[in-house]
Amino acid sequence: MGIKGLTKLLAEHAPGAAVRRRVEDYRGRVVAIDTSLSIYQFLIVVGRKGTEVLTNEAGEVTSHLQGMLNRTVRILEAGIKPVFVFDGEPPDMKKKELAKRSLKRDGSSEDLNRAIEVGDEDLIEKFSKRTVKVTKKHNEDCKRLLSLMGVPVVQAPGEAEAQCAALCENHKVFAIASEDMDSLTFGARRFLRHLTDLSFKRSPVTEFEVSKVLEELGLTMDQFIDLCILSGCDYCENIRGIGGQRALKLIRQHGYIEEVVQNLSQTRYSVPEDWPYQEVRALFKEPNVCTDIPDFLWTPPDEEGLINFLAAENNFSPDRVVKSVEKIKAANDKFSLGRGKLLAPVANLTGSTSTAGKEPKCILGGPGQVMKARSPLQVCKSSSLNFIHDNSKAFMLGRRSGFLRISTYASI
């Protein structure tokens with residue numbers, strides 16, 4: 001869900017914080033991608049007709065694999081260096097929201113059964129989508145696919161969008177791509193919406209910079225976090241009757257939630273009992289993420305592994321898999337493999353237009369250096385992780401408590 005009404009609020013009160021861009025403007029850039037919503041979208045959209053979905057011979061759904069393959073190929077062909085970040089354990093405060101979603105799915109399942117009984121195809125289509133749930137297997141399938149494609153994968157210890165924001169804050173990536181606006185609340189320096197659109201054509205990419213958001217709203221980061229909590233987020237109830245517009249006015253007037261609560265009309269508004277806004281504030285400011293992160297590395301696709309996984313195990317057309325591999329290789333040859341480079345913003349991006357008539361100052365980073373050949377077996381170490389590399393694979397030897405896991409293609 002993210003932050004209720006934040007997109008509309010920023011469009012009205014911070015229009016200069018959003019910049020329309022082309023996908024090509026991010027050529028050569030390293031972008032962290034929040035995968036959680038993407039996989040859900042694939043399961044809903046790709047190959048679905050009513051209750052019928054794409055499956056392999058074992059009856060297992062493969063829509064997520066088809067969607068992830070196609071989208072990743074298009075991202076690579078655009079010259080973008082993606083790093084896919086997966087959700088870890090949700091914070092305790094989010095479990096109530098997840099329980100609500102589960103109950104809603106259960107209700108949709110009952111509605112779906114009734115729609116099937118009466119043969120209402122429109123309702124079948126509607127309710128079948130509402131019953132979709134992303135499972136651990138869906139996530140593991142996508143991690144395996146991405147690793148075979150030679151693309152870095154990060155398993156976050158907590159929320160993926162929080163980990164993406166940490167990667168951006170620590171200059172491991174140029175920007176993060178997600179549809180959840182709470183990426184800004186977690187402090188993402190540069191946040192992209194619509195970058196991972198299935199077609200790349202439906203909407204231009206919208207780029208937000210948190211510094212410009214704060215400047216135009218006239219708030220500090222702490223006040224912006226309180227604004228988001230008041231507006232409504234995934235981690236606690238908000239005060240009924242207070243939406244984004246009212247929340248912004250109150251924060252500008254009183255500064256922080258404590259002062260807002262003290263000055264609220266007790267007859268008009270009812271503050272939730274034991275409202276954990278302080279814990280939610282701490283979660284946004286200090287989420288469960290890792291900051292000691294090795295450099296990312298992109299490698300050639302494992303053609304044999306992809307054919308075995310997609311064609312042999314999941315009944316994809318072998319010819320289609322080979323064509324996808326050829327596209328990945330062509331993109332890698334064109335933009336080069338290796339480590340991504342991030343350059344400081346110093347010049348305009350070609351073809352970019354600001355919604356406020358101003359253009360941000362940035363330049364495109366050059367492609368990463370071509371990866372040197374590895375020895376057949378190489379042990380790499382960091383302060384927290386050990387990896388063994390055997391050309392294209394890496395196996396973790398150990399990790400500290402609470403540390404994230406990085407896939408095969410994270411170079412140290």
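Placement of Cβ uses the backbone N, Cα and C atoms for every residue, glycine included.
All protein chains shown were included, and the count of other CB atoms within 10 Å of the CB of GLU159 (Mg(2+) 1 binding site) stands at 28. Under the heading Mg(2+) 1 binding site, Swiss-Prot lists ASP34, ASP87, GLU159, GLU161.
The DNA binding site feature in Swiss-Prot is assigned to ARG71, GLU159, GLY232, ASP234. Under the DSSP three-state reduction, GLY232 (DNA binding site) is assigned to coil, being neither helix nor strand. Under 8 Å, Cβ to Cβ, and six or more positions away along its own chain, GLY232 (DNA binding site) finds ILE3, LYS4, GLY5, ASN238, GLY243.
What Swiss-Prot records for ASP180, ASP182, ASP234 is Mg(2+) 2 binding site, and it gives sequence analysis as the kind of evidence.
The feature region 'N-domain' is assigned by Swiss-Prot to 1-105. Averaged across the region 'N-domain' (1-105), the predicted model reaches a pLDDT of 83.
Per Swiss-Prot, the feature region 'I-domain' maps to 123-254.
Taking CA atoms as the reference points, GLU161 (Mg(2+) 1 binding site) and ARG71 (DNA binding site) are 19 Å apart.
In sequence order, VAL85, ALA160, GLU161, CYS164, ILE176, ALA177, SER178, GLU179, ASP180, SER183 make up the list of same-chain residues 6 or more apart from ASP34 (Mg(2+) 1 binding site) whose Cβ falls under 8 Å from its Cβ. The shortest Cα-Cα distance between ASP234 (DNA binding site) and any of the binding-site residues ASP87, GLU159, ASP182 is the one to ASP182. Counting every protein chain shown, 20 other Cβ atoms lie within 10 Å of the Cβ of ASP234 (DNA binding site).
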